[in-house]
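Remarks on the structure that follows.
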Amino acid sequence: MPSAFQFQCHFVLIFLAASKGETRYLEVRDAGEDEPFLLLSEDLKRELSAGQIYRRSLRCIDMLSIEGQFTFTADQPQLHCATFFIGEPEELITIEYNFVNIDCQGGDFLKVFDGWILKGEKFPSSLDHPLTTSQRYVDFCESGNIQRSIRSSQNVAMIFFRIHQPGNGFTVTIKKNTNLFPCNVISQTPSGRFTMVIPHQHRNCSFSIIYPVVIKISDLILGHLNGLFLKKPSAGCAGVGDFVELLGGAGLDPSKMFPLADLCHSFHGSAQMKIGCDNTVLRMVSSGKHINRVTFEYHQLDLQETEMRKENSIEEFCFPSI
C-alpha cells in the first residue's frame, strides 16, 4: 500500500494560476529518489513535543503536513514552483510570512491559495467554498505588509511562487489551528473513519479521498430538529434541501465529478459502495435549517474486492481505471 502522501501519483500535471487570472502549467515528474513529502519519524515527533520548532528548506515542488519554519532560496531562476500544505481533517492551516525577498517589479510573485489546485481543478470547488475564487488568492506583491498571516478555510492550502534572481527567496512559518466543525477535507490516508456535522449552516461540505475505496456509511441524520425527524419525499432527492451524494472521478473538483448515488433519508445501519475512481467524494448539501450528520468509514480498494460483491453494496463504478 502506498504511503499516506503518495497520492500525487494519481496526477501527472499540477496547474498553477498565475497573476492577473491567467493559467500556467507545471509538470510534476515522478518523485523517485527526490521524494518531496515529509514523513515524520518518532524521534522527530518527540523533538517537536519538547517545544522545538522544526525547520528545513523548501524544494521547488514540495508538500508538508507538519508545523514549522520553512525557507526557500533560489539557486537558479525558478519559474513554476508550489508547496502544498495538508493537515488533519479537524485542522486549519495558518501561513505566516517571516521574511520575503523577491522582485515583484521584475516578474516574481508569491501567492497563497485557500485550498488546492491540481490539474486545473480546485478543491474545495467554487460551489463549496465560502469565498469567491478571486478572494481565495492572497498575492504578497499586492498586499505586502498588510496581510502577513493567512489562514485556510479547510485542512489544505498552498503557496505558489516565481523567483528569477538566484539568492532571493522567502521564509514562512506554518501553524495549525483546531476547526470544531470540519467541512471540506482532503484525507491524508487511504483509510479512516469520519463524522461530518453541519450545525444549522447553509453550506456544502465535501470529504475527498484520492484513492479507489470501499466507503461505508453507517449513520445518516438529515433534517434533525428538536429530536424529531422531518418527513422526506418518498422517491429521489429532487427538491430536498438536505442530502448526501457520493461522487467519483479522475480530477479534484467535486463539481466536475460523476454523481454516483444520492441519500436523502435518515437511517441507522450500513450502506456500502465500491468506487474504483481515482478520487471519491462524499458531499453533504445542507439548507441550514437543521443539524445534519453523517458517519462513514473507508479503506483502499484492492483488485480482489472488485470480484467480491456484498448484498448491501451499490453497483461499482470506475473499475477500468484501477
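Note that Cβ sites are derived from N, Cα and C of the backbone, with glycine treated the same way.
As written in TrEMBL, here are the features:
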DISULFID  C60-C81  disulfide bond
DISULFID  C104-C141  disulfide bond
DISULFID  C183-C205  disulfide bond
DISULFID  C237-C264  disulfide bond
DISULFID  C277-C318  disulfide bond
DOMAIN    52-177  domain 'Corticotropin-releasing factor binding protein N-terminal'
DOMAIN    185-306  domain 'Corticotropin-releasing factor binding protein C-terminal'
SIGNAL    1-21  signal peptide
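In the domain 'Corticotropin-releasing factor binding protein N-terminal' (52-177), the DSSP tally of helix, strand and coil residues is 10 helix, 67 strand, 49 coil. There are 21 other CB atoms within 10 A of the CB of C264 (disulfide bond), with all protein chains counted. Counting only residues at least six positions away in the same chain, the Cβ atoms of D128, S153, Q154, M196, I198, R203, C205 sit under 8 Å from the Cβ of C183 (disulfide bond).
In this view, C277 (disulfide bond) is surrounded by 26 other Cβ atoms within 10 Å of its Cβ, with every protein chain counted. Within the group of disulfide-bonded residues (C60, C205), the Cβ with the highest number of other Cβ atoms inside 10 Å belongs to C205. Straight-line distance linking the Cα atoms of C104 (disulfide bond) and C81 (disulfide bond), rounded to a whole number, equals 16 Å.
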